[in-house]
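J.: Got a structure for you, written out below as structure tokens; questions coming shortly.
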Amino acid sequence: MGAAVFFGCTFVAFGPAFALFLITVAGDPLRVIILVAGAFFWLVSLLLASVVWFILVHVTDRSDARLQYGLLIFGAAVSVLLQEVFRFAYYKLLKKADEGLASLSEDGRSPISIRQMAYVSGLSFGIISGVFSVINILADALGPGVVGIHGDSPYYFLTSAFLTAAIILLHTFWGVVFFDACERRRYWALGLVVGSHLLTSGLTFLNPWYEASLLPIYAVTVSMGLWAFITAGGSLRSIQRSLLCRRQEDSRVMVYSALRIPPED
């Protein structure tokens with residue numbers, strides 16, 4: 001049962017991200033480099049947040065449970081703010097790299113657009129964030145006959161997996177909206193990205209009341225997904241065009257196959 005829970009939760013948590021990586025990133029070496037570099041930036045932000053939280057815990061009264069819980073909330077907020085600061089720093093770095101690539105190309109154009117960089121960097125932040133948030137839970141899931149931890153809900157592992165999937169997608173959407181806001185200098189959009197990130201992080205403290213945390217987080221995920229879709233230039237008309245193109249391609253394949261001469265026996 002432990003192995004089934006482990007693999008099931010792993011596929012739920014990282015299935016969408018793995019599919020996005022294979023379809024949109026793995027085939028382009030430049031995107032893979034941006035993905036790895038983005039993960040490094042997120043790790044540095046986590047390291048700094050951990051140092052801040054570690055210092056605060058050791059300079060305060062560790063026997064005061066309420067104080068320590070408050071420090072945990074404060075540490076989560078600091079971590080969110082540092083992640084967004086490093087997202088901005090990564091945007092600046094990619095902007096410089098984009099200008100350098102454009103100057104080196106023959107036609108004066110960069111081989112990758114800012115929107116593509118935003119998507120890949122957001123995906124990198126999401127994947128590494130998901131790995132660090134759920135890896136210990138998945139390790140505990142491998143235990144023999146594990147259903148819950150210390151009498152917690154039997155849905156603990158499954159809800160954690162769905163929460164991780166939402167966080168990964170949110171980071172992807174945040175990256176797209178954040179980079180676009182930086183390009184157009186829309187400071188209100190930057191504020192909404194940071195605010196939604198803080199809200200999502202705060203909602204996780206409502207666990208194990210999963211109805212009060214998971215449902216609002218997925219509502220935020222859907223909202224940010226629609227915003228990122230529109231920001232990237234998507235619309236209902238573009239969806240219709242993509243569907244029509246697929247239908248036309250399918251019809252062409254059918255016509256071609258129908259016109260082929262059957263092989264002689």
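Backbone N, Cα and C atoms are what each Cβ position is placed from, and that goes for glycine too.
The topological domain 'Cytoplasmic' feature in Swiss-Prot is assigned to 24-31, 90-118, 180-186, 235-265; the stated evidence is experimental evidence. Among the features that Swiss-Prot reports, topological domain 'Lumenal' is placed at 53-68, 140-158, 208-213. What Swiss-Prot lists as transmembrane segment is 3-23, 32-52, 69-89, 119-139, 159-179, 187-207, 214-234.
Each of these features: where is it, how hidden is it, and who are its neighbours?
T.: Cβ atoms under 8 Å from those of the topological domain 'Cytoplasmic' (24-31) belong to residues 111-112, 116, 119-120, 123 of the same chain, restricted to positions at least 6 beyond its ends.
Beyond the topological domain 'Lumenal' (53-68), the same-chain residues lying 6 or more positions past its ends with a Cβ under 8 Å from any Cβ of the stretch are 74-75, 78-79.
Model confidence over the topological domain 'Cytoplasmic' (90-118) is summarised by a mean pLDDT of 84.
If you look at the topological domain 'Cytoplasmic' (180-186), the same-chain residues 6 or more away from its ends with a CB under 8 A from one of its CBs are 88, 91, 114-115, 118, 193, 231-232.
Remote same-chain partners of the transmembrane segment (32-52), defined as residues 6 or more beyond its termini with a Cβ less than 8 Å from a stretch Cβ, comprise 21, 25-26, 75, 78-79, 82-83, 85-87, 89-90, 93-94, 112, 117, 120-125, 127-129, 132.
Sequence-remote contacts of a segment are chain residues at least 6 beyond its ends whose Cβ falls under 8 Å from one of its Cβ atoms, and for the transmembrane segment (69-89) they are 41-42, 44-46, 48-49, 52-53, 56-57, 60, 121, 125, 129, 174-175, 178, 182, 193-194, 197-198, 201-202, 204-205.
Sequence-distant contacts of the transmembrane segment (159-179), counting only residues of its own chain at least 6 positions beyond either end whose CB sits under 8 Å from a CB of the stretch, comprise 8-10, 12-17, 20, 84, 87-88, 91, 114-115, 117-119, 121-123, 125-127, 129-130, 133-134, 137, 153, 189-190, 192-193, 196-197, 200, 204, 207, 210, 213-214, 217-218, 220-221, 224-225, 227-228, 231-232.
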J.: Please spell out the DSSP helix, strand and coil residue counts for the topological domain 'Lumenal' (208-213).
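T.: Looking at the topological domain 'Lumenal' (208-213) with DSSP, the answer is 4 helix, 0 strand, 2 coil.
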J.: Using DSSP, what's the helix, strand and coil tally for the topological domain 'Cytoplasmic' (90-118)?
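T.: Per-class counts: 20 helix, 0 strand, 9 coil.
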